[in-house]
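**Student:** Could you have a look at this structure, given as structure tokens, before my questions?
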Amino acid sequence: MLRVRCFRGGSRGAEAAHYIGSRLGRVFTGWVQRSFQSTQAATASQNTFAADDKAASPVPKDCLVCSYNEWDPLEEVIVGRAENACVPPFSVEVKANTYEKYWGFYQKFGGQSFPKDHLKKAIAEIEEMCNILKREGVIVKRPDPIDWSVKYKTPDFESTGMYAAMPRDILLVVGNEIIEAPMAWRARFFEYRAYRRIIKDYFNQGAKWTTAPKPTMADELYDQDYPICSVEDRHKLAAQGKFVTTEFEPCFDAADFIRAGRDIFVQRSQVTNYMGIEWMRRHLAPDYRVHVIAFKDPNPMHIDATFNIIGPGLVLSNPDRPCHQIELFKKAGWTVIQPPVPLIPDDHPLWMSSKWLSMNVLMLDEKRVMVDANETSIQKMFEDLGISTIKVNIRHANSLGGGFHCWTCDIRRRGTLQSYFD
């Protein structure tokens, strides 16, 4: 039986080490631990994989929102928009999440549109992706177009917006509940506005709707002196468990969570802090169990191009970013598959992501997957697994920071709540 416990302690300089050490009975102290220790006793029983845990409340029969995992038959989905997408200003949190070779791009174009010709091609690709989803029998909803170039100001900062391209980043569906993530980039502070019309409609038809605490995004949320100048710096800081976001207030992106029924896995990343994870853990307990896992990743941001669960007991694990707890999955009987090296050429712009978007796939059910039409190696991998590939070209859309999983948020999958670890 797999037993992964949620991290609740450790100093910022040794957060990852604390998690592993806690499993060996070692004792670490730190301000995060002290912050959470008052709740540990009351919640300890909620954080284990006990077979007799309380079952979640059933979803109303007429509710349009119902999704428990990443692979049940997909019936309805939100697909993002590339229209009006803007380059985010080059702030400290953006710098920490992007590659050095693109810093000049952000410095020059921050607050302005992404290159018009590239954006036009991305829009066309996503429209075709929507058409293919519809042909596969999936209902497709889209966020509202918004002018993201408008400058806004709060008491703590000012910025322009970015886009509504990646609903996976901001929305997490758990059962019949839609959770709006608070996000961590200032350029994404008002991104929720593009989705409100859709969410209100789902709410009026019976869905639960939760908005996580909105962070102020004050300077204290970010390490203003985050010492990142090279990829080597990234590796060193990540190994030390140091991130650009602090524990000043809760923050998280929904894309740092991935669902497997009763059990939800999350990583501490540049955009998701332990306070955000703790908020989610308490909010979803006792019906769901949130577990922290960690990776050898120089720039952790969003889990689904590192660890993508594609079926019951079946996971894609990035060979360049090995999971520190992978043996626990194997011992629980899971099949762990390392996807092949991506084929995307070096000269293709990936302003906000890595080549490993090749594994950022969308499962339409256990036997159908939407995959990049250019990535023939991973297509073969799926076909060898007996999974049919639906090939779609979104190469220009990839440049905006996401693959098929990122560009979508599954609203309804035909299935029931189950535990895949008990």
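Even glycines carry a Cβ here, placed using N, Cα and C.
Since this is a predicted model, take the numbers as computed values, not measurements.
Annotations for this protein, taken from TrEMBL, read as follows:
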ACT_SITE  D253  active site
ACT_SITE  H302  active site
ACT_SITE  C406  active site, amidino-cysteine intermediate
**Student:** Have a look around the residue listed as 'active site, amidino-cysteine intermediate' and count the other CB atoms within 10 A of its CB, chains all included.
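**Tutor:** Its Cβ shell of radius 10 Å holds 26 other Cβ atoms.
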**Student:** Just to be sure I understand the packing, how many Cβ atoms besides its own are within 10 Å of the Cβ of H302 (active site)?
**Tutor:** 27
**Student:** Ten-angstrom check, please: count other Cβ atoms within 10 Å of the Cβ of D253 (active site), all chains counted.
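**Tutor:** Result for D253 (active site): 25 neighbouring Cβ atoms inside 10 Å.
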**Student:** Whole-number Å distance between the CA of H302 (active site) and the CA of D253 (active site)?
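**Tutor:** Taking the Cα atoms only, H302 (active site) lies 7 Å from D253 (active site).
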**Student:** Would you kindly give the Cα-Cα distance separating D253 (active site) and the residue listed as 'active site, amidino-cysteine intermediate', rounded to the nearest Å?
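**Tutor:** Cα-Cα, rounded: 11 Å.
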